[in-house]
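Down below is the structure, laid out as structure tokens.
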């Protein structure tokens with residue numbers, strides 16, 4: 001396909017126009033008095049949101065250069081969302097401010113490479129100052145506050161997220177589901193749960209609840225199909241002699257092996273339940289390994305030289321209780337070695353850090369939660385489908401925001417932390433003139449989030465920035481009330497990770513804008529004009 005090329009100032013200004021259009025739609029959502037944006041969908045009802053990355057993803061511009069500029073700023077929002085789960089609007093506002101200042105200086109003759117270097121040095125100092133300002137989350141109320149802010153000031157969402165995190169811990173998984181009822185509900189899962197139920201309903205022990213409950217069972221974990229009773233019989237006899245029930249987790253249990261377990265259960269000779277192993281392929285192998293570590297068993301597999309017919313009780317795991325329904329299995333208080341469990345948790349954390357796939361990261365996070373924490377499900381309901389989707393999205397954002405706060409701590413919110421950190425830009429900075437100009441650009445850009453919050457609240461941005469600059473450190477504008485307060489005491493807080501990521505990603509993309517000297521884009525296809533109708537153009541009957 002033919003290409004078109006723009007150079008120097010024309011190229012940069014084309015990118016800037018695209019950035020301005022995207023940033024204009026995103027930044028109106030910043031702060032407690034930020035507005036919503038309605039997004040048209042090809043199918044179904046429109047979406048209403050105040051989430052920066054959701055808005056950015058929907059924007060596609062017609063002009064090829066503007067489209068590229070918008071795509072570059074989209075990356076700021078996406079990257080910030082991936083790393084920290086929030087701060088996408090702040091990142092977009094910072095990027096726009098840095099690019100405006102930078103292009104003005106490049107047009108005036110400044111060296112773009114030196115400006116970029118100055119930006120990088122300043123950002124490094126600001127991130128260090130943010131770390132100094134950061135405070136650990138000490139109370140459940142602080143978790144509720146930071147989650148509420150991310151959820152657009154909805155305190156009910158903040159409270160339920162704080163409750164969920166209190167129950168499942170730092171590494172626990174909090175999922176959000178749509179509910180048919182109004183309001184919010186919290187459902188907690190005790191122990192490790194995976195989504196495979198009993199193979200046969202004959203294993204049920206509680207007819208009323210349609211579940212099988214085993215107290216203090218042995219647990220067999222096998223990455224094989226079990227169909228021959230002669231393979232299983234030696235182990236069954238040993239378990240029967242021990243007088244305990246048995247949970248069998250295998251690739252499949254079928255044929256005479258399944259029939260033997262069912263017949264003995266019905267006759268009351270021996271209590272057991274068979275379930276299929278969760279997952280497929282390599283993921284199944286990993287999840288069986290997790291179950292084995294949690295319960296203190298070994299995975300019976302020919303790959304590691306272990307055969308079922310030779311298995312002893314030493315290879316089986318234990319748990320205080322197992323509950324199996326038709327859809328899932330829950331293992332409560334597995335008897336695995338705490339040291340081995342901690343090692344497995346560290347291994348999964350390391351895999352999460354190295355993974356560059358969102359899907360893989362999500363699955364690893366679920367495995368981590370099953371081992372180290374627990375699973376909490378927040379069920380959200382609303383009056384209409386549009387409101388339900390918007391509310392669910394806000395809760396998901398708030399959960400990630402709260403987790404980021406637990407991870408790296410909190411700083412004063414409302415743009416105050418960046419304003420405070422701007423004082424560190426020139427600390428010990430000895431650089432050439434253009435690099436110093438780059439650092440000054442960062443110092444100015446750090447006031448923009450506060451300025452935009454004030455503008456969205458109907459106030460004069462410049463006046464508010466100067467007022468806050470002259471207040472005691474840590475004090476700022478509560479845009480919801482228009483009063484000046486101690487931000488930490490008022491519960492107006494941001495996760496340090498979110499603020500840091502927003503600045504770093506904004507600076508990165510600004511550097512790319514400034515050092516761009518040519519843009520190559522696809523030539524737009526010419527639209528064919530409709531042919532004039534033949535004849536006199538009269539009506540036809």
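Quick reminder: no glycine exception, Cβ is built from N, Cα and C everywhere.
Positions annotated as ATP binding site by Swiss-Prot, on the basis of sequence analysis: 29, 30, 31, 32, 86, 87, 88, 89, 90, 414, 478, 479, 480, 494. Residue 31 (ATP binding site) falls within neither a helix nor a strand when secondary structure is assigned with DSSP, and so counts as coil.
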Going by a 10 angstroms cut-off between Cβ atoms, which of the binding-site residues 29, 88, 90 has the sparsest surroundings? 29
On a count of neighbouring CB atoms within 10 A, which of the binding-site residues 86, 478 is highest? 86
Please give me the CB contact count at 10 A for residue 31 (ATP binding site), counting all chains in the structure. 27
Between any two of 29, 30, 31, 32, 86, 87, 88, 89, 90, 414, 478, 479, 480, 494, the residues recorded as binding ATP, what is the biggest Cα to Cα distance in Å? 20
